[in-house]
Amino acid sequence: MERGNQTGTFEFLLWGLSEQPEQQRILFLLFLWMYLVTVAGNLLIVLAIVTDVRLHTPMYFFLASLSCADILFTSTTVPKALVNIHSQSRTISYAGCLVQLYFFLTFGDMDIFLLATMAYDRFVAICHPLHYTMIMSFRRCSLLVTACWTLTNFVAMTHTFLMFHLSFCSKKVIPDFFCDLGPLMKIACSDTQINELVLLFLGGAVILIPFLLILVSYIRIVSAILRVPSAQGRRKAFSTCGSHLAVVALFFGTVIRAYLCPSSSSSNSVVEDTAAAVMYTVVTPLLNSFIYSLRNKDMKGALVRIVRGKVSFSWGQ
């Protein structure tokens, strides 16, 4: 047994994406393609929002923040997985593992908090349209995003610092393709009770409280929309929420499966957990850019103007 924080040469082994050698080349090309498309798609969304004055609204301000978080989120795990596949190595240093864990938790939780903030924005826009501009001022939006970053860093630091107190057996295999809380606690050689309790209460709160806030917001939104007299007005109101609802369902569905559903230590369970991790770390950030661009008329128009070279870098307050 070794104390991971007492040696600079301590390494973990990552289970990876597959144990089949013949699948490695296909997986490398597939994940490289998904990563490049994710980064390019989300960068285009940010560029479209920054350069188009018509998109200088709170909804798109939060969307730009979500796109930035998605780029950083997927960049925390996928490049290391690609390097390991290409080099046919599964190692990751103890320090590298904890750094990856910290940033993974930071950007993953940032996605959750931003989705809740975007639901609140839609609630104000639909339920309090006359006061929307006053309530969702640029200063208020900036404070909300800053609060999200502060909370995510606090949560990530708490979990990461608790990992310093665990002992790990040398060359233990992490049952995932990146360093995450659950897999790391499974291979710890010391008592993980405190870590498990913090993960249960703090981690559960990070997932469930934003999810409940989103649920309450949309209950209020649906109630308000159903009171709209015209069918066209109802369709327009629902259309502004469709993309966000699709992303919420996709992201929270996979996150809840990964973190709140118990799994065993069998090889089949490891495969299922890895598949769920791939869904919310790789597939969801990839699909977010398509959902928000293809389902949004204003966003499609802004992207077309970028392609045609008609851009302007002034930000409307």
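Glycine too: its Cβ is placed from the backbone N, Cα and C atoms.
What TrEMBL lists as domain 'G-protein coupled receptors family 1 profile' is 41-292.
Sequence annotations record features per position, and here TrEMBL assigns transmembrane segment to 26-50 (among others). Note on the transmembrane segment (26-50): residues 17-18, 56, 60-61, 63-64, 67-68, 70-71, 74-75, 78-79, 81-82, 85-86, 282-283, 285-286, 288-290, 292-293, 299, 302-303, 305-306, 311, 313, 315 of its chain, located 6 or more positions outside it, place their CB under 8 angstroms from a CB of the stretch.
Annotation comment: TrEMBL describes 59-78 (among others) as transmembrane segment.
For 98-120 (among others), the entry in TrEMBL reads transmembrane segment. Distant neighbours of the transmembrane segment (98-120): 59, 62-63, 65-66, 69-70, 72-73, 76-77, 80, 92, 144-145, 148-149, 151-153, 155-157, 159-160, 163-164, 178-181, 184, 206-207, 210-211, 213-214, 217-218, 244, 247-248, 251-252, 255, 280-281; these residues of the same chain sit at least 6 beyond its ends, with a Cβ under 8 Å from one of its Cβ atoms.
If you look at the transmembrane segment (141-162), the same-chain residues 6 or more away from its ends with a CB under 8 A from one of its CBs are 58, 61-62, 65, 98, 101-103, 105-107, 109-110, 113-114, 117, 120, 181, 194-195, 198-199, 202-203, 206. The annotation transmembrane segment is assigned in TrEMBL to 141-162 (among others).
The transmembrane segment feature in TrEMBL is assigned to 197-216 (among others).
Residues or ranges marked as transmembrane segment in TrEMBL: 237-260 (among others). Through the fold, the transmembrane segment (237-260) approaches residues 59, 108, 111-112, 115, 118-119, 122, 125-126, 182, 203-204, 207, 211, 214, 218, 221, 224-225, 228, 273, 276-277, 279-280, 283-284, 287-288, 291-292, 295-296 of its own chain, all at least 6 residues removed from its boundaries and within a Cβ separation under 8 Å.
What TrEMBL lists as transmembrane segment is 275-294 (among others).
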